[in-house]
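Report on the following structure.
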Amino acid sequence: METGGGGNLTFHAGEVTAQERAASLGQRGGTVWFTGLSGSGKSTVAVALEKALVARGRHAARLDGDNVRMGLCSNLGFSAEDRAENIRRIGEVAKLQAEAGLVCLASFVSPYARDRDRVAALHRGAGVPYAEVHVAVPLSVAEARDPKGLYKKARAGEIQGFTGIDDPYEEPRNPDLRLDTDTTPLPEAVERLIALLTDRGMIPAA
Ligand SMILES: Nc1ncnc2c1ncn2[C@@H]1O[C@H](COP(=O)(O)OS(=O)(=O)O)[C@@H](OP(=O)(O)O)[C@H]1O
Ligand SMILES: Nc1ncnc2c1ncn2[C@@H]1O[C@H](COP(=O)(O)OP(=O)(O)O)[C@@H](O)[C@H]1O
């Protein structure tokens with residue numbers, strides 16, 4: 001894999017172990033990757049989970065599609081190549097946050113399984129806890145919600161390559177959790193996520 005630096009880079013390790021960091025912070029941290037159609041509820045669920053975690057004295061941070069595309073990824077569009085680069089960059093940032101001991105909540109459409117699998121492999125290769133959550137609703141539900149009016153624009157031909165309309169969404173084959181937000185109320189989704197985070201050792205049991 002191209003690593004940049006013309007082969008002249010050497011990783012500089014720190015002297016704080018993951019165990020020492022976890023003891024200092026009171027949690028191990030990790031990445032929760034939310035994937036799903038626009039309007040499926042990724043951001044809504046991540047915001048509620050972050051609030052619940054912080055209320056419990058846990059350390060969490062969010063990375064969110066629109067927000068990241070306003071800064072770190074402002075040079076990227078929505079072609080398959082740009083989406084791959086978007087997810088690659090965010091995967092690296094999520095891993096850095098998780099290695100620093102945060103519970104990183106990453107909410108991205110991330111429609112391609114290959115891009116998601118790379119992020120999962122990046123974390124697993126470094127021994128960083130990771131969970132993939134499919135925030136799932138039928139397209140008809142996402143389109144009826146249309147919180148930003150984007151489906152309407154896509155149907156009118158004002159946006160091309162919109163996921164679910166004229167661009168693919170590859171459903172996760174084996175997610176760690178599937179949340180059907182048309183039938184799962186938000187508080188129940190948060191409870192199930194806290195149980196998942198605890199099970200994966202990202203946060204200690206209450
Ligand atoms: N063509 C197209 N397809 C999908 N989504 C689009 C598109 N154009 C703009 N938007 C808005 O951008 C948000 C998705 O950005 P992501 O970074 O999550 O996309 S991706 O993971 O790189 O596919 C997405 O945000 P969410 O609605 O929060 O998912 C949309 O608001
Ligand atoms: N149980 C639920 N969980 C999450 N969102 C829900 C739920 N029920 C209704 N919604 C609504 O669905 C919309 C989801 O929008 P958003 O969170 O921005 O989705 P995404 O980040 O996936 O694009 C919001 O308007 C939210 O209020």
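Glycine too: its Cβ is placed from the backbone N, Cα and C atoms.
In TrEMBL, annotation is done automatically, which means it is predicted and not curated.
These come from TrEMBL:
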type	residues	note
DOMAIN	29-180	domain 'APS kinase'
BINDING	Gly36, Leu37, Ser38, Gly39, Ser40, Gly41, Lys42, Ser43	ATP binding site
ACT_SITE	Ser110	active site, phosphoserine intermediate
REGION	162-183	region 'Disordered'
COMPBIAS	170-181	compositional bias 'Basic and acidic residues'
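Known features from TrEMBL, placed on the structure.
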residue	record	CB count, 10 Å
Gly36	ATP binding site	29
Leu37	ATP binding site	25
Ser38	ATP binding site	25
Gly39	ATP binding site	23
Ser40	ATP binding site	28
Gly41	ATP binding site	26
Lys42	ATP binding site	27
Ser43	ATP binding site	21
Ser110	active site, phosphoserine intermediate	27
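Compute the center of the Cβ atoms of Gly36, Leu37, Ser38, Gly39, Ser40, Gly41, Lys42, Ser43, which mark the site for ATP; besides them, the chain residues with Cβ within 8 Å of that center are Thr44, Ser107, Val109, Val135, Val137, Ala142, Thr181.
Contact annotation for binding-site residues (Gly36, Ser38, Ser40) versus ligand 1: Ser38, each with CB under 6 Å from a ligand atom.
Assigned with DSSP, the residues of the compositional bias 'Basic and acidic residues' (170-181) fall into helix, strand and coil as follows: 0 helix, 4 strand, 8 coil. Summed and averaged per residue, pLDDT over the domain 'APS kinase' (29-180) gives 98.
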